[in-house]
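Shown next, in C-alpha cells, is the structure this report addresses.
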C-alpha cells in the first residue's frame, strides 16, 4: 500500500511543477520561433503570424485557459492543426521539459506580433512584458475536457461583447482592442465557412518598399479603418451556410470569385464594434443596413472606441498589447516575468548548442 501512496504523491508533485525556462532556452526559443515563422511563406504573406495569434486566442478559451491544449475535433478550431503541427515538431525536438507547451504557444504568438510590426513606426512591444510559467493541461497538446465554445463570426453585438467579458473579464474597450487582431490573416471556406481577408492595401500603415509584408501579416489599425471609413457594407450569402459583409461595389460573394478578385469582408462580430447587430437566423442574417433609409443600423456602445482606434494607430497598438497580454496570461499558475540575463548562473546552466544563426540578423532587428 505504501508504494501506491508514494506513487500518488509523486504524480501530484510532478503535475504541480512549474517549468521556468532559463535565459538561454528562452532566447533560443524566440529565435527558433522567428525562424519558423519566416520559413512559411505565401508570396509576401507569412501565414504563421496570423496562425499563431489565432492559436493563442483559441488556446486561452475554456476551463484551463492558456494551457497548451487544443481540441482539433471542434469545428471552431478547424485549420489550427497546421499551426500546432509545426510548433509541436519544434517544441518536442528542442524544448520539451525546458518550457511549457502553453508558454511556447504564447511566445510564438508574441514573437509573430513582434515580427509583424518590424518595419513599422508603431511597434508591438509585448515581448518586453512577457511572462512564463503557464501550466499545461495533463493531456497536452490534446484537449481532453469540455472547453468553451468558440465564438461564431455570425454572432451579434450583445453575444460578441458578452463572450469577451465572460471568458476574459474584458470591458468593451478591451474587447474592441483585441478584435483588431482580425487585421491579420484571412477566412477560408473549409475552416470557418467565410471567405476573404479583413483588410487590403488601402489603409496599410507600412511604408513603401519591396521588403514589406502583405497587409494580412501587418499589425496595424487598417481593420478599424475598414469599418469606420467604409460605411456602406452589405450582406452576402456564402455557400448557403454563412452570411458575411462585403462592399456593395463587390457584391458577388467571395466564394464565387478567384482570390485575386475577392473583396475584403467583415463578420457580424466585426460590425458589432460599430453597429448594433441582431442576427435573425443561424446564418447571421441582419435586417438593418448601415446606410439604409428604411432600416438603418444604430451605433453600438463600442463605436466610440472603434473610431478612436481608426484615427490613432499608436494608441491602438498600445491598447491591443495590454488586452492581448491580459488574455495570454490567464492560467491557474502564478506567472513570472520572462528570464533576463542573470550572469554567471545562466552561463553555467545554459546548453552548448549555438543559437540558430540563420535568423540572427533578423533577430537583432526585432528582439
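Cβ atoms here come from the backbone N, Cα and C positions, even for glycine.
Copied over from Swiss-Prot, here are the features:
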| type | residues | note |
| --- | --- | --- |
| SIGNAL | 1-16 | signal peptide |
| SITE | 54 | site 'Transition state stabilizer' |
| ACT_SITE | 58 | active site, proton acceptor |
| DISULFID | 60-66 | disulfide bond |
| CARBOHYD | 119 | N-linked glycosylation site |
| CARBOHYD | 239 | N-linked glycosylation site |
| CARBOHYD | 356 | N-linked glycosylation site |
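Long-range Cβ neighbours of residue 66 (disulfide bond) (same chain, at least 6 residues apart, Cβ-Cβ under 8 Å): 56, 59, 60, 102, 105, 106, 134, 327, 328, 329, 330, 331.
Here the C-alpha separation of residue 239 (N-linked glycosylation site) and residue 54 (site 'Transition state stabilizer') works out to 24 Å. Note: the Cα of residue 119 (N-linked glycosylation site) and the Cα of residue 54 (site 'Transition state stabilizer') are spaced 22 Å from each other. Around the Cβ of residue 60 (disulfide bond), 25 further Cβ atoms fall within 10 Å across all displayed protein chains. Around residue 58 (active site, proton acceptor), the C-beta neighbours below 8 angstroms that are at least 6 residues distant in the chain are 70, 76, 77, 80, 150. Residues within less than 8 Å, Cβ to Cβ, of residue 54 (site 'Transition state stabilizer') and separated from it by at least 6 positions along the same chain comprise 80, 83, 185. Put plainly, the glycosylation sites 119, 239 were compared by Cβ crowding within 10 Å, and the winner is 119.
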